[in-house]
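K.L.:
Pulled from TrEMBL, these are the listed features:
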| type | residues | note |
| --- | --- | --- |
| SIGNAL | 1-28 | signal peptide |
| TRANSMEM | 91-116 | transmembrane segment |
| DOMAIN | 105-343 | domain 'G-protein coupled receptors family 1 profile' |
| TRANSMEM | 123-151 | transmembrane segment |
| TRANSMEM | 157-182 | transmembrane segment |
| TRANSMEM | 202-225 | transmembrane segment |
| TRANSMEM | 245-271 | transmembrane segment |
| TRANSMEM | 292-311 | transmembrane segment |
| TRANSMEM | 323-345 | transmembrane segment |
């Protein structure tokens with residue numbers, strides 16, 4: 001696969017532009033946290049400061065109502081209009097850093113897929129959709145940090161926008177992983193008819209269905225399914241209601257169960273193919289065993305990231321300590337960090353494009369065999 005100099009420059013320009021936007025958001029959030037801490041420092045008392053109230057001390061020796069001369073003394077309690085600075089949580093900083101890493105990784109994947117015309121197979125369409133979902137999830141984590149410490153979080157629009165973006169992005173990420181699993185199963189089950197126009201059309205319809213469904217889920221809090229008017233109904237992720245959070249968690253558990261079933265079927269088909277090829281029996285047995293180990297690692301990583309948050313969403317509500325919410329949300333966001341490594345950077349075709357874009361050559365130890373959707 002040859003990549004021209006112009007295509008390489010286009011890939012670099014797109015990546016640099018996306019990374020500049022992402023890093024500028026993260027830098028703005030970091031500057032806001034540092035500037036906020038400076039507002040906490042004590043300042044000398046200003047008698048002309050209208051936020052300072054003045055009171056007359058009561059003289060206990062004078063119980064009569066006759067007017068007496070008293071000295072004005074300042075009341076050091078600030079007025080109700082004083083600006084309060086929110087302390088930056090280390091958990092929010094960790095989520096912001098994770099979001100920056102997610103955005104940088106997936107921006108690179110999107111740029112490579114967009115500027116490489118040969119990467120248009122159904123598998124790459126799904127990988128690109130997954131990268132877009134994870135990129136939006138990373139940007140959502142950065143924007144959530146900015147909205148929390150730069151914008152008044154009491155504004156309903158800001159809260160609903162941030163939560164809606166995160167729900168849509170992470171839901172799309174999970175469903176795209178399921179779609180990739182379905183694509184791998186179909187590529188083995190219908191190996192002869194996989195590379196047809198019908199498969200490409202089915203892939204595009206599946207991607208459209210995923211994004212329409214996830215955008216609808218993200219709009220639900222803005223359409224009234226929220227707990228802003230009744231805090232007692234809030235889940236661990238305000239303003240999502242407890243019922244909606246349980247529904248999302250149960251849906252995830254069903255998706256995870258379906259993925260386990262599909263990967264089990266993939267393993268069965270792979271072992272059946274291995275038994276049918278007698279000439280390369282030893283080689284295929286070794287490669288099949290390696291493939292099963294890879295599938296197990298992928299499934300375990302996905303479950304380890306999302307299962308704690310899903311189970312905690314079912315049993316907990318807004319009255320539980322917030323540290324438990326952070327401790328389950330952070331591993332879930334890390335799933336979007338490892339998705340590009342599992343589904344994109346391990347692919348030889350994407351590796352070739354990256355090597356050609358970076359140094360104009362392909363390493364000799366890189367596999368020249370075209371990678372199919374059934375490969376893991």
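Cβ from N, Cα, C; glycine included.
Note that the structure is predicted; figures quoted are calculated from it, not measured.
Would you situate these features in the structure and describe their surroundings?
P.N.:
For the transmembrane segment (323-345), the residues of the chain that approach it from at least six positions outside its boundaries are 89, 91, 94-95, 98-99, 101-102, 105-106, 108-109, 127, 130-131, 134, 137-138, 141, 170, 173, 177, 180, 236-237, 298, 301-302, 304-306, 308-309, 312, 316, 351, 354, judged by C-beta separation under 8 angstroms.
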K.L.:
If you count every Cβ pair below 8 Å, which range out of 157-182, 202-225, 245-271, 292-311 shares the most with the transmembrane segment (123-151)?
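P.N.:
Going through each listed stretch, the top one turns out to be 157-182.
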